[in-house]
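As recorded in Swiss-Prot:
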- Thr12, Thr13, Ser14, Thr263, Gly310, Gln314, Gly411: ATP binding site (BINDING)
- Thr12, Arg16, Thr263, Gly310, Gly411, Asn415: ADP binding site (BINDING)
- Thr12, Arg82, Glu83, Tyr134, Asp241: sn-glycerol 3-phosphate binding site (BINDING)
- Arg82, Glu83, Tyr134, Asp241, Gln242: glycerol binding site (BINDING)
Amino acid sequence: MKKYILAIDQGTTSSRAILFNHAGQIHGMTQQEYPQIFPAPGWVEHDANAIWHSQLAVAQQVLKEQHLSAADIAAIGITNQRETTVLWDRQTGEPIAHAIVWQDRRTAALCDQLRADGKAPLFQQKTGLVLDSYFSGTKLKWLLDHTPGARVRAERGELAFGTIDSWLIFKLSGNHVTDTSNASRTLLFNIHTKQWDDELLALLDIPHSLLPAIVPSSGIVGQTYTSLFGQSIPIAGIAGDQQAATFGQACHRPGMAKNTYGTGCFMLLNTGTQAIASHNNLLTTIGWTLGNDVDARTDYMLEGSVFMAGAIIQWLRDGLGIIQHSSDVEALATSVPDNGGVVFIPAFSGLGAPYWDPYARGTIVGMTRGSNKAHIARAALESIAYQTVDVLEAMQKDAQILLQELRVDGGAARNDLLMQFQADMLNVPVIRPVVTETTALGAAYLAGLAVAFWESKEEIATQWQMERRFEPRMTDDEHAQRLYTWHRAVQRAQAWNI
């Protein structure tokens with residue numbers, strides 16, 4: 001029997017490959033960073049070839065380091081940064097421009113115009129998304145309009161569009177597909193019919209010929225070229241990073257929720273087969289589709305997206321230079337007893353849910369002569385938790401439920417100070433699992449189910465284990481005062497860059 005699943009985890013700042021055994025444990029992991037490109041204020045790009053080369057390199061390297069071959073791998077599962085938009089030549093397989101990253105805000109004015117034209121309700125009803133430059137649709141339109149010759153070539157059927165999952169699968173196998181979870185992040189996909197939407201494509205002037213075929217999240221969608229790993233490996237699982245993390249956290253039942261603390265911060269609440277429309281500026285999105293085709297059972301999610309979480313810590317390191325390593329932030333923050341009145345609004349690229357203000361900008365308020373770098377570090381960590389509170393309050397209003405616990409993962413979930421503060425501000429227990437690499441684990445589980453490496457979701461759920469539980473311990477008065485101060489500071493940051 002083949003012993004491992006290879007998870008490909010393509011993130012915003014690095015590409016990783018992780019091997020999982022049948023117990024859902026990590027057998028080997030390799031990571032490689034690659035550069036982000038910032039050609040103008042508010043613009044963020046990637047070289048799609050740099051993504052491909054780094055991802056292939058770590059996949060090959062992890063097999064080599066563990067003295068394994070393709071014969072030991074039952075399947076590949078792919079998870080990816082979502083919304084990031086790639087446009088490439090079908091014949092050569094080469095990108096015709098840099099990829100536009102999910103953080104990129106260049107199409108904010110286009111979204112403003114579409115809202116002014118009264119199109120926001122149509123987009124929300126069909127896609128479950130707010131009309132924001134965060135999503136792929138307006139990014140793709142921008143590429144077609146601003147890349148010389150792109151629109152003519154697209155009309156001739158020479159070009160292919162995809163999010164990062166599509167791009168990697170094309171490079172691995174030659175197939176042009178995407179799963180329902182990634183498609184649901186494009187502003188072009190009807191989450192109810194589970195098909196590309198002709199009306200929305202026409203509104204954004206996007207040719208249907210560009211689009212990948214829609215496939216389930218769990219199922220064999222292609223075989224890797226034999227030249228890549230010595231023999232072919234089935235590609236059997238696909239999900240956007242946050243949906244994959246939700247699956248990896250075994251949040252398989254309605255009412256279960258997880259929060260991932262990565263570059264951004266993303267809370268997803270499973271609503272089962274019901275797509276709940278948000279009235280509080282959250283997103284309704286597809287979690288996963290399990291079955292032989294896209295008409296199979298689909299689980300929906302409510303999602304709150306926070307743009308800046310781990311990226312704040314990177315800025316403290318690279319922008320301010322007040323820490324040498326990201327892991328140093330907890331020690332610096334705990335060197336002072338509190339934030340000293342400092343509040344940090346990390347709206348470097350606007351504010352996400354529930355504000356959706358692309359014109360908000362990063363703000364630090366409440367500083368005095370007594371403020372120092374430790375207060376700023378502590379306020380930066382606290383801002384991650386505060387943004388999560390804003391999302392949860394909106395989520396509970398939409399779903400009409402009170403959360404019983406929050407499962408957490410991602411790099412910053414290893415920060416005990418942040419997790420305790422998160423429990424205090426949410427006023428619910430925060431639970432950290434033994435395996436915090438749940439994004440890659442979710443992709444592995446989806447692939448493993450497709451090839452019978454695991455038999456069922458129930459078997460997967462038994463593998464989930466708690467590492468630590470953080471109980472809330474803040475007084476009601478302090479809780480209320482802190483939230484009041486946070487919301488005052490948010491108002492200072494909003495609508496700044498108009």
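Just so it is clear, glycine is given a Cβ too, placed from its N, Cα and C backbone atoms.
The structure, with features from Swiss-Prot marked on it.
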{"residue": "Thr12", "record": "ATP binding site", "DSSP (3 states)": "coil"}
{"residue": "Arg82", "record": "sn-glycerol 3-phosphate binding site", "DSSP (3 states)": "coil"}
{"residue": "Asp241", "record": "sn-glycerol 3-phosphate binding site", "DSSP (3 states)": "helix"}
{"residue": "Thr263", "record": "ATP binding site", "DSSP (3 states)": "coil"}
{"residue": "Gly310", "record": "ATP binding site", "DSSP (3 states)": "helix"}
{"residue": "Asn415", "record": "ADP binding site", "DSSP (3 states)": "coil"}
_Most Cβ neighbours within 10 Å: which of the binding-site residues Thr12, Thr263 is it?_
Thr263
*Please work out the number of neighbouring Cβ atoms within 10 Å of the Cβ of Arg16 (ADP binding site), leaving out its own Cβ.*
23
*Non-site residues, in chain order, whose CB comes within 8 A of the mean position of the CB atoms of Thr12, Arg82, Glu83, Tyr134, Asp241 at sn-glycerol 3-phosphate*: Asn80, Gln81, Thr84, Val101, Trp102, Arg185, Gly240, Gln242, Gly264
*To the nearest whole angstrom, what is the C-alpha distance linking Arg16 (ADP binding site) and Asp241 (sn-glycerol 3-phosphate binding site)?*
12
*Which of Ser14, Gln242 has the fewest nearby Cβ atoms, counting only those within 10 Å, among these binding-site residues?*
Ser14
*Fewest-neighbour residue among binding-site residues, criterion Cβ within 10 Å, set Glu83, Asp241*: Glu83
*Between Asn415 (ADP binding site) and Tyr134 (sn-glycerol 3-phosphate binding site), find the distance joining the two CA atoms and give it rounded to the nearest Å.*
27
*What other residues of this chain sit with their CB within 8 A of the center of the CB atoms of Arg82, Glu83, Tyr134, Asp241, Gln242, the recorded glycerol site?*
Gln81, Thr84, Trp102, Arg185, Gly240, Gly264, Phe266, Ser305
*Show which residues of the chain containing Gln314 (ATP binding site), separated from it by at least 6 in sequence, have their CB under 8 Å from its CB.*
Thr13, Thr263, Ser326
*Compare the C-alpha of Tyr134 (sn-glycerol 3-phosphate binding site) with the C-alpha of each of the binding-site residues Thr12, Ser14, Gly310, and give the closest one.*
Thr12
*Between Thr12 (ATP binding site) and Arg82 (sn-glycerol 3-phosphate binding site), what C-alpha distance do you get in Å?*
9
*How big is the Cα-to-Cα gap, in Å, between Ser14 (ATP binding site) and Asp241 (sn-glycerol 3-phosphate binding site)?*
13
*If you measure from the C-alpha of Arg82 (sn-glycerol 3-phosphate binding site), which of the binding-site residues Gln242, Gly310, Gly411 fall inside 10 Å?*
Gln242
